[in-house]
Amino acid sequence: MYVQTSGLALPRAASTRSERSEILHSTPIKLIVVGILVAATLITTAVVTTFAVADRQNTLDTVLSRTEPLSDAAQNLYGQLSVADAAAATAFLSGGLEPAAVRDRYTQAISSAAGEVVRASTGLDADDSTSQTTLAKISSSLPLYAGIIETARSNNRVGNPVGAAYLAEASTLMQTSILPWAEELHSTKSDDVRAAQEQFDRPPWLSLVLVVFSIVVLVAAQRFVSRRTRRTLNPGLALGSVAMVVLFVWMLVVGLVSSTSTNRALMRGAEPVDRLTSGRILAQQARTDETIGMARRGGVNDYDQSFTAAIQSLNGVLYSLQQDSSLDNTRIDASLALVDQWTKSHERMNASLAVGDFATAVAIATGTNDGDSADIFADLEDELVREIDVAREELRSNIARGASVLDGLAVGISVLAGSSLLAVAGGLGVRLREYL
């Protein structure tokens, strides 16, 4: 026997589907869905934005703790190598046993250069094979250079003319191999600092877009709830929207301040340091050419041309810095004045050489009286080092300022996004309770 039940089952099934449809399309369910969507948006925004801020902080912290100090070590290495070469040539002019002060300057420069090699090597990344190779070449060449200088000194002490040839050989090794390697290392590390700053200058577009999207979602949710509940304003959604607007404005302000600081670090710090370092090396090269030319005598004209070219390049560097309105030109003017004095002293030295008065020429080249080349060069070296230190401090202080304004933002993101989420939950919860 069969019982006919299809006629009753169909209406019941249709009724069940209708009830389910009504439930799914009911206001409470829609409010729950809206709440879930808003919560997902806020949580995603908070997580992505927090990581973005942390990444930017890490970038600046790395510049301060690793990248910039490594660049400074490369700059110091470059400078100390040039100081050593110039000091060795100056000592050679004295004949016999060179003055203790000049000898100490050479010894200290070589020792400092070796120390900067160690300092730079400890700061290199394990995968930076190019820089490691460059440092290895410098490290292995320094003992060779020092050995040739000692041979030159030994011959010079006993009056053997071949000492001048050894001095020229050592200087050639320094000028054509060791210094170019040091310059390559310095250029690479300076580029790393600049690249990090330029990377930071790019706005965190994804984070900003997500915050704006969160605000749009909150406004859309507010309109939906207003239509469904016949209430003009939902306090929870309104507070959540305000919190995200505050976060957006905060991010814009912090981004502007930090970007301005890092840009100042680049324009007033990194670039002047690079140019001043180049100027310092040019001054050292000019000094080396001046002294070696006299030591060799027969090659004075060639070295004098090299001296003139180095001085012209040095003036070009200083004039370019003088045109930069963002820098304090007082010190640059002082350096230019010293270069002018040095040029005049060099001309007096050449005038003495032209009439065969080698003793007077040596006195001008190595003397420490006002107007002597050695005295002027020492003042110029000190001035350039001070200018480099000032520019470096400008670089580091601005990077530190750019990092400091980010300190509270990561916490602010969590607080504001969390407050917005709680406000939304509270606002929707009030409406949901009306249907229970």
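Keep in mind that glycine also has a Cβ here, set from the backbone N, Cα and C atoms.
Residues or ranges marked as transmembrane segment in TrEMBL: 31-54 (among others). Within the chain, the transmembrane segment (31-54) has long-range Cβ neighbours (under 8 A, six or more residues past its boundaries) at 204, 206-207, 210-211, 213-214, 217-218, 221, 224-225, 228, 240, 244, 251, 406, 409-410, 413-414, 417-418, 420-421, 424-425, 428, 431-432.
Annotation source TrEMBL lists transmembrane segment at 205-225 (among others).
Taking Cβ pairs closer than 8 Å, the transmembrane segment (237-258) reaches residues 38, 42, 45, 49, 56, 200, 203-204, 207-208, 211-212, 214-215, 218-219, 221-222, 225, 401-403, 405-406, 409, 412-413, 416-417, 419-421, 423-424, 427-428 in its own chain, all 6 or more past its ends. Residues or ranges marked as transmembrane segment in TrEMBL: 237-258 (among others).
Among the features that TrEMBL reports, transmembrane segment is placed at 405-430 (among others).
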Tertiary contacts of the transmembrane segment (405-430), as residues 6+ beyond its ends and Cβ separation under 8 Å: 31-32, 34-35, 38-39, 42-43, 45-46, 49-50, 53-54, 56-57, 60, 214, 218, 221, 225, 234-241, 243-244, 246-247, 250-251, 254, 257-258, 261
Other parts of the chain folded back onto the transmembrane segment (205-225), taken as Cβ under 8 Å at six or more residues beyond its ends: 30-31, 34, 37-38, 41-42, 44-45, 48-49, 52-53, 231, 233-234, 237-238, 240-241, 244-245, 247-248, 251-252, 420, 424, 427-428, 431
